[in-house]
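Asks: Marked as region 'Disordered' by TrEMBL: 1-23. Per TrEMBL, ATP binding site is recorded for Gly634, Pro635, Asn636, Met637, Ala638, Gly639, Lys640, Ser641. Positions annotated as domain 'DNA mismatch repair proteins mutS family' by TrEMBL: 708-724.
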Amino acid sequence: MLFENGKPSKSGTLAKKSVKKEKETPMMKQYNAIKAKHPGALLLFRVGDFYETFGEDAIKASQILEIVLTKRSNGAASAMELAGFPHHALDTYLPRLVKAGQRVAICDQLEDPKSVKGVVKRGVTELVTPGVSFNDNVLNVKKNNYLASVYFLKQTVGVSFLDVSTGEFLTAQGDQAYIDKLMQSFMPSEVIYCRVQKEQYEAAFRDDFNSFQLDDWVYTHEYGYDKLLKHFGTNSMKGYGIQNLEAGIVAAGAVLYYLEATEHKNVSHISTIGRIEEDKYVWLDKFTIRNLELLSPQHEGGVPLIQILDKCVTPMGARLLKKWVLLPLKDKRKIEERLNVVRYFKEEEDVLDTLVDSMQQVGDMERLISKVAVGRINPREMVQLKRALQHSLPVKEALAKCDVPELKTLNDRLHSCELLMDKIEKELQNNPPLNATQGGMVNEGVNEELDELRKIAFSGKDYLNQILEREIESTGISSLKIAYNKVFGYYLEVRNVHKDKVPETWIRKQTLVNAERYITEELKTYEEKILHAESQINVLEQQIFQNLVLLAADYVAQIQQNAAVIATLDCLLSFANIANEYNYAAPSINDTRNLQITEGRHPVIERNLPIGEEYIPNDVNLNDSEQQIMIITGPNMAGKSALLRQTALIVLMAQMGCFVPAKAAEVGIVDKVFTRVGASDNLSKGESTFMVEMIETASILNNLSDRSLVLMDEIGRGTSTYDGISIAWSIVEHLHNQKGSRAKTLFATHYHELNQLATDFPRIHNFNVAVKEVGGKVIFLRKLKEGGSEHSFGIHVAQLAGMPPTVVSRANEILSHLEKDKIHTKNKQKLKEVPQASQLTIFNAADPKSEQIKDALEQLDVNALTPIDALLKLNELKKMLS
Ligand SMILES: Nc1ncnc2c1ncn2[C@@H]1O[C@H](COP(=O)(O)OP(=O)(O)OP(=O)(O)O)[C@@H](O)[C@H]1O
């Protein structure tokens, strides 16, 4: 049974109570029984042509949908609230309920009310939840809609993602940080987890996602493994490479259970399960994804990278591109394969145009074929599927002419599915109705009986004339007439003079003064036919359509593969397009640990500069032998952050297989990118800014490798200046001296004191983003130069920001006063004297508290500490102080 937050929902309870007090009508009894089976879900109960909601569901529905709330007035359940809408408006209202976070159980009439006495049989035909939906209005074409399942197994976390609308099914397992990163990347619309793991779940993900709890028996290896074997019809999961992912299997099994529990039993389009391999992709922690604004901007009105990269013309392409952005590659060969194709398309603009033109018409082939598999495709969508296949043909033709091995491989995987395409073309009209029950969708000449029926239904007069002519000819009764009356239907009328010519088989029905009326076997049959023609037409059309759906179901695997090929092509074409449009260069990828960017630019800022302004390019060189760490100082607004981010973005774009905003870029494969940019407030989650800063930094320092790229922007600014400098200083030292991981680092700071580090450490170099001071005004040159800098020009920025002149001039006064103060210089001297890689002298031997803290620190085994332990320890030390 399903539970919401461990207990049945209020609405389920209320509905029961309010009806039980009085005598239940049979229908309400049925309603209550169904409602009780789906606690936590808002029940849409089909009554005739309406979907009705009752009790608390009605109150919720009326608020969310802005529909009228009434009270049920027919005796027994007089106190019951009621709100409903016409059944044909389901597509409009359902998405609104789901988007408002509701789980919606759709309860339909399972038999024809006309053929039943008493209460019609009803049942829930679908439970739509935010993570499990096929409804186009719930889904966003450019986004996958993932359901995630999470399972904690000691230190390992298993996760599984399913987009039921495309059939994509994935699993992974790893430590908390890895799964957290995946969750932030895949951004599931709904997460299911084991009820008894509530605490762990909430500690890990707080209330980041819509969540739902399942019973603990669902989250067992035995159950999950068996579920997967049954679904895929195999006797092991070895072929999918997930046999040993114990936690991953448990999480994936629960996904399949949940599909069943939500009445999604027909899911043959989920034909494979993939493993998200941690070591195949560049590690981006969740802070990096956020700080680099890869998929969404940090602030309203901002532009994320994806918006620049996405020129895809198909929904599949747009969805795949998001994955490419979040999962850049580490395999040089694979990256080069993508780059080769982009280079080719960039040069062969005709091919690019042909492909883009055809693919523009392909539409969402991936979701259409999923609808075929689950039997939810409508006639109009079937015609769209045909068009998708038709427009894939020129793609195939164009690819066949391309002399690039990677494109040949893609072309080999593209199926033309001609038989299916021709059959849809032959059988379905080009503009069929939306609903298969409406009729009028099948072409003429497909089915003789159907054609006959249509003749009867739509060309009745002609048909009767044909009978009349035939009868006149065979009987010789020239004045014969056909007419209709309500009493005995169609009849033949014979004037008395011709009475003797009437064949014996005719049945006399009426005698008039001058004539007699007869019916014949043929007319009777015709009459029956015409009466039933329309309903028969519908039945036959539906049969023909169903057969078409069955045929299309044989093509699920092929069309899914086509969709994957088209999506890949779309992303590569998009890369080629932007390379041309924005003047990007092909990066050169190698296995060294060097990064050499010549005239690099920020892909997003350069597209959003005010008219007339040009982005100033800069070089960045980093390696593990001479220049491992660049300390970048410079005034506020100089462009330090932009430089840091562009460096990471160029590396990531290169490893996605995309050309880069630079004159040239040599990229030695990077395996992890870490950023700590700015001190963003996280008060809503109960953490102080500085705490967040330290958590994020700790996660960087604990996960470094010699291929990592680290960006640190103003680390330490969340605390007092001296604490900040001390922390920043020791972090840089740590990055430089860490054995076995000379992570390439860009360190932007306002602490000019850190410039001292360059003299003390061989692989640390100072740079500054240049400005020019002319007549008391600062001109931003945006050019990176070697050497440190002395000023921050913060007051100048305050002036630019419109600070009252009195405040600005007072600030200048205070600054000059402080600058004269020797503390500044003395402190600098002090830092210089600090022995390298040792604790900064912050302890006073005369102070017992200080000694106590020192002892505690000395006893610590830093290598054995997790980031959380470290923070707890820090807190303990702080308490010692007070
Ligand atoms: N190379 C460049 N060419 C043109 N404009 C740039 C360049 N770099 C930065 N800018 C512009 O300058 C603005 C400020 O840059 P940025 O935020 O990188 O400054 P900063 O040095 O990090 O400032 P702060 O120290 O105040 O955080 C950017 O928003 C961008 O509009």
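Any Cβ shown, glycine's included, is placed from N, Cα and C.
TrEMBL does not curate its annotations; it predicts them automatically.
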Asks: Determine the mean pLDDT over the domain 'DNA mismatch repair proteins mutS family' (708-724), rounding to the nearest whole number.
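Replies: Overall, the domain 'DNA mismatch repair proteins mutS family' (708-724) comes to a mean pLDDT of 79.
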Asks: Once the chains shown are all counted, how many other Cβ atoms turn up within 10 Å of the Cβ of Met637 (ATP binding site)?
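Replies: A count of 19.
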Asks: Given the binding-site residues Gly634, Pro635, Gly639, which one's Cβ is surrounded by the fewest other Cβ atoms within 10 Å?
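Replies: Ranked by other Cβ atoms within 10 Å, the binding-site residues Gly634, Pro635, Gly639 bottom out at Pro635.
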Asks: Taking the center of the Cβ atoms of Gly634, Pro635, Asn636, Met637, Ala638, Gly639, Lys640, Ser641 at the recorded ATP site, which other residues in this chain have a Cβ no more than 8 Å from that point?
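Replies: Other same-chain residues with Cβ inside the cutoff are Ala748, Val769, Phe780.
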Asks: Mind tallying the domain 'DNA mismatch repair proteins mutS family' (708-724) by DSSP state, helix then strand then coil?
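Replies: Going by DSSP assignments, the domain 'DNA mismatch repair proteins mutS family' (708-724) contains 4 helix, 6 strand, 7 coil.
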Asks: Quick check: in three-state DSSP terms, what is Ser641 (ATP binding site)?
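Replies: Once the DSSP labels are grouped into three classes, Ser641 (ATP binding site) ends up as helix.
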Asks: At a 10 Å cut-off from the C-beta of Asn636 (ATP binding site), count the other C-beta atoms across all protein chains.
Replies: 18
Asks: Under 8 Å Cβ to Cβ from Ala638 (ATP binding site), same chain, six or more residues apart: give me those in sequence order, or none if nothing qualifies.
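Replies: Once residues fewer than 6 apart are set aside, Ala638 (ATP binding site) is near Asn768, Val769, Ala770, Val771, Phe780, Arg782.
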